[in-house]
Amino acid sequence: MKSLITQGVRILGTGSAVPDLVINNHQMSEIVETSDKWIINRTGIKERRVLTGVNKSVVDIAYFAAIRALQQVGMNPLEIDLIILATSSPNDLFGSASQLQAKIGAYKAVAFDLTAACSGFVIGLVTATQFIQNGSYQNILVVGADVLSKWTDWSDRNTCILFGDGAGAVIMQACSVEKNSILGFQLNTDGQKYDQLSLRYREHINSSQNFQFFQGAFQYITMNGKEVYKFAVSKVPANILQCLDSLNISSGDVDWLLLHQANERILNAVADRLSIESNKLLSNLSKYGNTSAASIPLALDEAIQEKKILKDDIIVISGFGAGLTWGTIVIQWKC
Ligand code: COA
């Protein structure tokens, strides 16, 4: 897809936050019938973070991630033009991004939520890129944050062992076209498979004397694990190759592969199919589990803090999950 590029985009800084409560696999085995060995063998996850506390929400962890990113680059929140909050676990169905805007004091920013589950952050980066490249905005805060612990069925061992809570943020800024660091992207959706992984709304009928009102509530996460696994290991490498081909970049040129942190076996299978060495795979899955929209910016922030990513490194970032939706964005690190 071609767009009119009037200015380049660079990622100026990153930040992340996780809740304090750690639940390890041994503690999980007190909640459902499972074991540390089973979870590590099948997923690579050792522990996850869970948000606790009365009325604590996705906004609270998104706030810390955003503030850390702002502090890292020394930016006044009033300089932000747009906030995109990628989340599938808002504390208000009308959106949580506006609460984040108020909480960090970014009063001049437009703010909206973006719901695309585990692909949300990649789609957020692509969306922000369009607003900057076409000259609409200069500074954009993109946050990926989820608290799926609130929507997990804690009696379902097929799903509850996988997820954790967290948030990650990046600040994107306009720059000259020559310094543009967003090289390209490739996004896909297959809505026919939406029911393989979902958090469904269930309706009941509320009858009054003259009318029937169809109302309901959201249920817990349901997942066909095997199908989601097959989808990820086939569609994600194909999508990455298509994106790299369109940019004339070979997988040998890739310095870092940053995949949505769903399952260690998925990460390794994707890297294998792309012939990318495992030491180029960024992974923090063992500490946090699958944090949905937060997983990519959380791992990116960690890699930046650990000074793994160097100037001009090429990073392939791919998100995948419910929708089913998957997408890749290729970045050349410029900071
Ligand atoms: N602890 C112990 N045993 C478990 C278990 C758990 N937490 N969950 C399932 N099992 C059991 C099953 O009941 C089954 O037992 P059975 O053989 O007696 O029937 C056995 O382990 C194998 O289950 P299965 O579902 O075939 O395991 P799997 O190898 O497919 O692994 C997942 C399950 C969920 C780890 C794997 O399918 C997966 O990672 N899928 C992708 C999920 C994902 O990443 N989703 C998010 C995408 S964004």
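Note: Cβ is positioned from N, Cα and C throughout, glycine not excepted.
The structure displayed is predicted, hence computed values, not measured ones.
For Cys118 (among others), the entry in TrEMBL reads active site. Sequence-distant neighbours of Cys118 (active site) (same chain, 6+ apart, CB under 8 A from its CB) are His260, Ala262, Asn290, Ser292, Ala293, Ser295, Gly319, Phe320, Gly321, Ala322.
Look at TrEMBL and you will find His260 (among others) tagged as active site. In the three-state DSSP scheme, His260 (active site) is classed as coil.
According to TrEMBL, the feature active site maps to Asn290 (among others). Other Cβ atoms within 10 Å of the Cβ of Asn290 (active site) number 24 in total over all chains.
Here TrEMBL flags 112-191 as domain 'Beta-ketoacyl-[acyl-carrier-protein] synthase III N-terminal'. The residues of the domain 'Beta-ketoacyl-[acyl-carrier-protein] synthase III N-terminal' (112-191), classed with DSSP into helix (H, G, I), strand (E, B) and coil, number 29 helix, 32 strand, 19 coil.
Summarised by DSSP class, the composition of the domain 'Beta-ketoacyl-[acyl-carrier-protein] synthase III C-terminal' (244-333) is 37 helix, 22 strand, 31 coil. Per TrEMBL, domain 'Beta-ketoacyl-[acyl-carrier-protein] synthase III C-terminal' is recorded for 244-333.
Long-range Cβ contacts of the region 'ACP-binding' (261-265) within its own chain (Cβ-Cβ under 8 Å, at least 6 residues beyond either end) map to 42-45, 118, 162, 229, 232, 283-286, 288-291, 295-296, 298-299, 320-321. Per TrEMBL, region 'ACP-binding' is recorded for 261-265.
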Inset, instruction - Take the Cβ of His260 (active site) and count every other Cβ within 10 Å, whichever protein chain it belongs to. - result: 33
Inset, instruction - Take the domain 'Beta-ketoacyl-[acyl-carrier-protein] synthase III N-terminal' (112-191) and average the pLDDT across it for me. - result: 96
